[in-house]
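Quick look at what Swiss-Prot lists:
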- S252: active site, schiff-base intermediate with substrate (ACT_SITE)
- S252: pyruvic acid (Ser) (MOD_RES)
Amino acid sequence: MDKVKIALQYLMPKHLVSRIVGKFAAAEAGFVTTAFIKWFIKQYGINMSEALHSNPEAYKTFNDFFTRELKPGLRPIDQAEDIMVHPVDGAVSQLGPIEDGRIFQAKGHHYSALALLGGQADDAARFEEGDFATIYLAPKDYHRIHMPIKGTLSKMTYVPGELFSVNPLTARNVPGLFARNERVVAIFETDKGPLAMVLVGATIVASIETVWAGTVTPPTGKKVFTWDYPTEGPEALTLEKGAEMGRFKLGSTVVMLFAKDAIDDFADGVKPEAVTRMGQPFAKLED
């Protein structure tokens, strides 16, 4: 059965399906939207008591519901200076060292940091001998993405690609998954060197957004696009630890890359399959 599911993903017109779903998710369809939201809540066991607006009827579109805001104070940010926090609610897929420029995906599967970053060799070189962490956001999760540490935006890259599912089954069976799917790479300058936040698209992910550029995809293209940003002066964008940096409209995965010697060790309990909650300790930074 697993092989059938993977084969269907190769055959499915993934971009077309995702865009059709995206149009529905953005539509103000009244009672149809509300009925679908109620079904989705029940189907995935979503805890609406955490949402700022717990009544499904408060959301005009499915996208509004999916990117729902949490109640204030529900995800307190660990403010210790030597602590990096979880950027999202989700589950750790994999984490560890970047070895020979390669990142571990699942048993028998690796991919290169160079490919993940859209072939940007200068960017990939900055993460040699560093560390990575991959976090999967399930449909039930809160889908806003936050900063693990304070950083100043220096570059954004849009990388075209496939739209395979990014669930654990697919990660185990599709080689180079996260370097094959459409994605948005944001690079920040931090006190511990560069930080890459890679927002990976997936089947029926209607869009990827950032707080500085709005919707980055769609529309999609066939070329890699890059944007450079000033890191000093009045136009520089610095985001504090815990600040929102982006969001998915339907679930996906975040891959983070850290510079060599940025991380001393991952926090207790942070390992593959561990549940993550935004704002809680993720790693201890090097002194």
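Every residue gets a Cβ built from N, Cα and C, even glycine.
Cβ neighbours within 10 Å of the residue listed as 'active site, schiff-base intermediate with substrate', excluding its own Cβ and spanning all shown chains: 29. The residue listed as 'active site, schiff-base intermediate with substrate' falls within neither a helix nor a strand when secondary structure is assigned with DSSP, and so counts as coil.
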